[in-house]
């Protein structure tokens, strides 16, 4: 235990010695409170040399850094005692885990008395006094250890530097700046030191302040810094020292110290500073070192800035600028200086140099003329430009030096001198052409020579002169090219040979547009001979003219004889203004010709009689002539030419001149003036003007229907410059007569032009529908508005699907003016339908109009064979529907009787529905709650319209066995089969089936075959023997029995043919095979064509049906439509009428029947195919309907209705088991 105590003493000593080492030598300004605090702690816990009784290990004062682990030791001699720790008097409890203090726990072996307090991750809350307390036990009394102090050191986490840490400060060298550094919370308060470029800053003041929490402190230090140029780019560092830190924390800023640059230095090339030569390229380098920012360099010349760029090297802090200039004489004495400065320079620093420029004379000038006549003196003066230094002058003539008369030196520009020398000497002919030179020289320009030379020109005259050209007296035709050459020998300067014509100098024409009749050559030299050529295009003025050549005092001449036609043929008139009827006297004058000419007159090729006129004088030494003619003018003479012709027999040449007659007269319309103009509507029209007038018409005024058209034009017209009227977007309202009024200063004229506008036909009248009784006659009239009206512009078409429906052979087509007629005589039902009137007059699209021809006829009621029957159960629970159908126009009215008595439709058991489809009408009488006593009767349906009536009988009977089938016949026979066909008879009101019984006459016994499907009406009986006679019966049956075999109409006999084996391929005759193949091909083609036509008809009919859905039945309107579809009747009478264009009701049993028509009232839906079976749900005794097929004439109507059904799906009504197309309603 003494060793432990000594260890604890050693720890406290180490802590103290460490603090002493930490505070010296860098922390002379440490906090003064640290040592007393440590001293007090040690004083409170004195450690004696012997441990108190009951403890074998005692806690000691400890110092720890925040975040480390600490252990306070406590060893107890009585291990069974209760031991716990107290923190600042607060008992922590004996539990080793020490609840409430997660970082505290007891360590050691309690059995050995070890109760050491271990603290993890110490923080400031652990800075307190601690005691180890032992409770009373059987082994001993209560014990308390001495109080010890646990001191927690908290290091500073951050330093706050002003200016901001990590930034760059911009300071000026030599100025003082203040820097503040504040530490974060710490314990104890840290010491702060400033380092400037690695050196401690002495001017520092520090204050210790309380921290953000108790026991924490902050230190705020301020330093005064005076930066120098050497501090540029260095760091200013703030360091904080604390015993809780191994190394101090730092914050720094970078110092950017601004300081002025050094003086500039100019590097002069060569040794002789300032001395240069004019023309030399001088390069001067100016350098300035140091400075932040680097120096800005500026070159100055005589105090004026020179724009020169400079460069800097930041690494070496050097600025350089090069001045490049070409030295000129005016740069002599110039002061060049280089200035350096930056933003912190107190003054501009400079270095300068003064230029001393050496320059030669820039030019030498010789004054005076070097041209002189022989044997005379020449006086010249040689003068130089300014030079530095001065130059000397000397004269040379050829290779001979001449002595000057006198010499003079004057002050020149730019500090230089001007040299001048005068020379006078006598010239001779042999000196001509020699070079006269003035030379300047100086020792300063020993390698250069400056001189000026002139050529001496000594003048002397020519020796001989003559002309070469055509011989004298030779006649030359005008227009001939003549060449004259003047020649001379000797003379200086070269003789100037000058040509003259009749004492006037000959020159070439100055204007380029003038004909070049004279070509004057230049002076040419060949040895000592000189020549000059004159080329002439001979004209009348050259006749007998004198051409001479002169050279100084010498002269030579020649003369030409020229033949020429009249130079000018002029026509003179006695009046200047002409009007129709005026007299005109014209005189033709030939001014001059050589030889004389003969004159004659003509007008537009017609020779005129003339008379001679008085003679006149003629120029160019020729002959003149004149003759006159007399005319009386008309308007037709305007513009005609009267020609005078001068003919020379010797020259074989004629010259003509004409006088154009200008006759003033009022406007006159020409014979080609168009009076009728045709245009097409919406096109353009041009009403031309062919008028003659002098002067031209001043105005063209157009008037239409009393209104004057604006000369400036309008939206649809404009008047062209020639007076023509142009119209566009022409309408038929523009047709009519246009009046044109032309006027000039001599009078007026008028013309009438008619505009005929053609336009496409428009049908104005078409009676639709046009009605006629069967056998009557009627005209379908088509009235149009069109221009032009053509006799053959009407044509008619009949609209229909079949080609025979298109024929108009039995009709007469007529036309009269704007009305066309289609006359129909003895009208038939087949002629009813749609007709189209087509009008085409050749303008635009043709007009088409549709008209319907309605042929009226008396009703025709359908009479099925045999007598129509309808079966129904007479138990007053079933209903029956009677169907009546008729054709007729106009619409028919149906009436019903029962056993000859009118039927009371007010009876609620009777309901009538009437349908009208064009000329087809149907009445459906429904009898509810059929009673055998009251309703089994003969019902009569009568159809009536204004033209007549017709009727049919329908028997309502009880359900019974079916009637025998009708019309059993053989449709095909082979050696082993027979094809049969029949019509079903009355089914008795119940579904019926068919059975075939047959026998071979040679074989006893009958064979039976059931027809499948049950509703089929055709059947092929197979399994027969060849060459055998068979008898066949057809039986109909339903749930109540069969029709029996007694009716002969259900029996047929047939004999099967002999069985022939098929011939082999070699046994086929060639001709029958060819016929068979050809027949098959014809049948195939016919089937293809028929299929195509049938498909086209179906397509057209389907298109028609889609149109009928909205607008009614087009078919009815086309065929024989009488009136629009309508609904008649009301609910009270239990009778209704439906007119529809798409439904053709017919009457079929609801049993196994496959109609090709839309289902009617009281009918259910059924398949569309012919051979499909129909399944009916439930017993159908309560409601039975019966219908027969119609005669052949009604067949096509069924087909059409069939297509209607397929094109328009039916709409099912909910109140009855019936379906109607979308536009059929029922009540």
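For all residues, glycine too, the Cβ spot is worked out from N, Cα and C.
Automatic, uncurated: that is what TrEMBL annotation is.
Quick caveat, the model's predicted, so the values are computed rather than measured.
Database features, via TrEMBL:
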- 46-145: domain 'Ig-like' (DOMAIN)
- 156-254: domain 'Ig-like' (DOMAIN)
- 263-354: domain 'Ig-like' (DOMAIN)
- 361-455: domain 'Ig-like' (DOMAIN)
- 461-561: domain 'Ig-like' (DOMAIN)
- 565-656: domain 'Ig-like' (DOMAIN)
- 761-842: domain 'Ig-like' (DOMAIN)
- 859-960: domain 'Ig-like' (DOMAIN)
- 964-1059: domain 'Fibronectin type-III' (DOMAIN)
- 1070-1094: transmembrane segment (TRANSMEM)
- 1108-1122: compositional bias 'Basic and acidic residues' (COMPBIAS)
- 1108-1138: region 'Disordered' (REGION)
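Residues in the domain 'Ig-like' (263-354) partition by DSSP class (helix H, G, I; strand E, B; coil) as 3 helix, 51 strand, 38 coil. Mean predicted confidence for the domain 'Ig-like' (761-842): the pLDDT average there is 88. With DSSP states grouped into helix (H, G, I), strand (E, B) and coil, the domain 'Ig-like' (761-842) comes out at 7 helix, 45 strand, 30 coil. Taking H, G and I as helix, E and B as strand and the rest as coil, DSSP gives the domain 'Ig-like' (46-145) the counts 6 helix, 39 strand, 55 coil.
Within the domain 'Ig-like' (461-561), the DSSP-based counts of helix, strand and coil residues read 3 helix, 52 strand, 46 coil.
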